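Worksheet: the structure to be examined is printed underneath.
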Amino acid sequence: MARVLLFGVGSIGAVYLHQLQQAGCIVTIVCRSNYHAVQQNGFTLRSERFGNVSYRPDHIVRSVADCPADAVYDYLIVTSKSFPASSHHPALADQLRPVLASRPNTTIVLAQNGIDIEPAIADAYPQNPLLSGVIYLPATQVAPGVIEYPETLNLLELGTYPANAPAAHRASAQRLADLMTQGGGEVKVLDDIQVARWSKLLLNASWNPICALSLCSDGDFLLTSSPFAYDLVWGIILEIVTLARKIGIPGVDEEAGEARFAIAKRRAETNSGREPSMLHDVRQGRLFEVEAIVGNTVRIGRKWAVPMPRLETVYALAKARYEAMAAGDIQ
Ligand SMILES: NC(=O)c1ccc[n+]([C@@H]2O[C@H](COP(=O)([O-])OP(=O)(O)OC[C@H]3O[C@@H](n4cnc5c(N)ncnc54)[C@H](OP(=O)(O)O)[C@@H]3O)[C@@H](O)[C@H]2O)c1
Ligand SMILES: *[C@@H]1O[C@H](CO)[C@@H](O)[C@H](O)[C@H]1NC(C)=O
Ligand SMILES: *[C@@H]1O[C@H](CO)[C@@H](O)[C@H](O)[C@H]1NC(C)=O
Ligand SMILES: *[C@@H]1O[C@H](CO)[C@@H](O)[C@H](O)[C@H]1NC(C)=O
């Protein structure tokens, strides 16, 4: 029976808790703002895929430092948002140290959005198997412990970091995939997860900051009365395609970019634009993953000398919004 520690259990973590428990895992969760609500009432999941269900974690703690010293965890799955270290919050690798320092065999799973989020963890915990996951699962925590998940889409793309990790790490990925599938989810174990990360980045790095800054859905942004809106989005997609080609990520080409852009164009035509999560975050005054999704991308661009003037402009603006919100948070 697998023992799992889930770190940062909000929208995604709550759904994964359900799936893991359905598969018979013993799950400990680390919660922050929803700690009291979940400790008292557990989670309520209103979903198309799993129905309307209530459930409790096997154990709940406020911090990894509260995990019993002798507890064994086969997996530590990180489902918090990916934020850089700040004066208020240490880097993720440091936050996890109390539980990982003495557990070199625990497989670490980063179930988070963004690009280039693995090296800091791999460097800090070189012995632990490390898995990287790309999530397609639209869920929202609408009140502490209450999750709405109105669509059936549920896909976790999973792979080892680095891609050429030992066979035992790959086996650990397959075991987790089997458990999550048994629990009612869909999982694909990929040989090179970076291809999946870059493929998702095509959309996330372009649409998310644009929608968050303009307060428009993707469809509405394309319908604004200037031809520059279309050029801005397509220009950013092309910048990412150029960078991916330079680095040698296969399949993230102009055709892939066009296929993904076509989805938003269809939404514009049918007036059915989507609001990406970064726009929801800005609307609700919640910090958004500007560094993991946009900042890391433009930094890789600088490193590889690929000009990304459009994405750099969007990054500077989104970063300013983020810092203004973070300053408000601290007051
Ligand atoms: N939700 C989606 O539809 C979706 C879809 C695809 C991908 N993703 C990705 O999945 C990841 C998770 O997103 P999410 O939507 O589940 O975020 P979320 O709803 O904000 O949940 C993250 C949870 O982690 C908690 N947390 C953060 N730092 C913590 C700490 N140090 N100790 C304890 N708890 C901590 C947060 O607590 P606080 O409330 O105190 O901050 C929050 O409850 C992100 O990378 C996101 O981009 C999400
Ligand atoms: C779940 O609850 C919502 C209201 O909260 C309701 O509209 C929906 O029909 C319920 N679904 C199921 C499968 O019971
Ligand atoms: C990790 O696994 C190895 C090989 O199975 C074992 O020898 C070692 O004792 C384990 N370490 C811990 C801290 O559990
Ligand atoms: C990322 O893209 C997915 C679609 O692939 C979207 O559902 C989600 O809102 C985006 N989220 C972020 C934070 O980029």
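Backbone N, Cα and C define each Cβ position, glycine as well.
Since we're looking at a predicted model, the values are computed, not measured.
Taken from TrEMBL, the feature domain 'Ketopantoate reductase N-terminal' applies to 5-149.
Residues or ranges marked as domain 'Ketopantoate reductase C-terminal' by TrEMBL: 192-320.
The signal peptide feature in TrEMBL is assigned to 1-17. Within the chain, the signal peptide (1-17) has long-range Cβ neighbours (under 8 A, six or more residues past its boundaries) at 23-32, 34, 38, 43, 45, 47, 50, 55, 57, 64, 67, 71-81, 96, 99, 106, 111, 135, 137, 139-141, 145, 147, 149, 154, 175-176, 179-180, 185.
In the domain 'Ketopantoate reductase C-terminal' (192-320), the DSSP tally of helix, strand and coil residues is 96 helix, 0 strand, 33 coil.
According to DSSP, the domain 'Ketopantoate reductase N-terminal' (5-149) comprises 36 helix, 44 strand, 65 coil.
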